[in-house]
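Before any comments, here is the structure.
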Amino acid sequence: MKVAVLGAAGGIGQALALLLKNQLPSGSELSLYDIAPVTPGVAVDLSHIPTAVKIKGFSGEDATPALEGADVVLISAGVARKPGMDRSDLFNVNAGIVKNLVQQIAKTCPKACVGIITNPVNTTVAIAAEVLKKAGVYDKNKLFGVTTLDIIRSNTFVAELKGKLPTEVEVPVIGGHSGVTILPLLSQIPGVSFTEQEAADLTKRIQNAGTEVVEAKAGGGSATLSMGQAAARFGLSLVRALQGETGVVECAYVEGDGQYARFFSQPLLLGKNGVEERKSIGTLSAFEQRSLEGMLDTLKKDITLGEEFVTK
């Protein structure tokens with residue numbers, strides 16, 4: 001199994017690469033790519049960790065050597081948020097970066113599963129889909145927006161609030177991956193209940209958690225370490241499913257049946273070909289139903305922005 005990380009010299013990329021070097025199954029290959037010249041050195045640094053995962057690093061304009069034979073590609077390349085910016089302010093720079101990298105994926109490893117971490121995810125996933133479609137290689141079961149950070153944050157905050165072990169809480173999060181489009185289904189956590197006010201406050205905290213980190217880092221970056229952990233969790237789940245493990249479920253932002261929007265984050269059963277089944281979002285509380293209806297315009301606008309970036 002070969003995993004490629006694009007944007008591997010950045011804060012998320014390095015954290016992700018470290019976790020994958022330690023946790024990928026024995027015999028896996030890990031290839032790191034970034035435009036930054038330090039990237040081969042990051043790979044050498046990680047190569048000294050004693051795990052049976054082969055690692056190589058590549059830098060420069062051309063990601064092709066890193067992509068050859070990749071089964072899974074995780075894209076974290078792009079610029080990070082600064083205080084006062086929201087995820088959509090990143091669009092102007094990151095849209096072009098994602099488009100360029102996905103064009104190279106379409107040529108070099110068109111059958112790979114691709115996980116997009118680069119923000120704004122609501123939009124960059126739509127860009128990736130249109131690029132792959134243009135190249136004639138789009139498979140909607142193999143393109144994912146990685147929203148796992150919303151899930152792990154939800155798990156942490158719920159556990160704190162309710163005095164649970166964080167490892168015992170699993171919160172499904174649906175919708176998208178910014179602001180109001182992030183909707184944790186707090187009503188679906190077994191053995192935990194919330195007043196409507198608690199649910200509203202907690203939902204807001206989960207939606208704004210990224211901004212909390214950006215502000216706390218005081219201009220020094222955005223969420224890199226928790227995002228690296230989230231991306232590793234998603235990437236490792238995907239690898240396990242691709243290798244034939246059954247019952248692997250993760251939430252991610254994918255093209256579905258279009259019931260709510262063309263792309264929508266929901267629980268997915270993963271399998272040997274990527275998405276095996278898009279699972280139902282289940283029964284929502286009145287608050288969740290209102291939140292879902294209230295986000296759809298924003299989500300659809302984000303998606304259209306990405307589609308038009310490629311098609312216009």
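Cβ atoms are placed via backbone N, Cα and C, with glycine included.
DSSP assigns H177 (active site, proton acceptor) to coil in the three-state reduction, outside any helix or strand. According to Swiss-Prot, the feature active site, proton acceptor maps to H177.
Annotation for N94 (NAD(+) binding site): same-chain Cβ neighbours under 8 Å, separated by at least 6 residues, are G78, V79, T118, N119, P120, T124. The NAD(+) binding site annotation in Swiss-Prot covers G7, A8, A9, G10, G11, I12, G13, D34, N94, I117, T118, N119, M227.
Taken residue by residue with DSSP, R81 (substrate binding site) is part of neither helix nor strand, so it is coil. The substrate binding site feature in Swiss-Prot is assigned to R81, R87, N119, R153; the stated evidence is sequence analysis.
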The one of G7, G11, G13 whose CB sees the fewest other CB atoms within 10 Å, among these binding-site residues: G11
Least Cβ-crowded entry, counting other Cβ within 10 Å, from the binding-site residues listed as R81, R153: R81
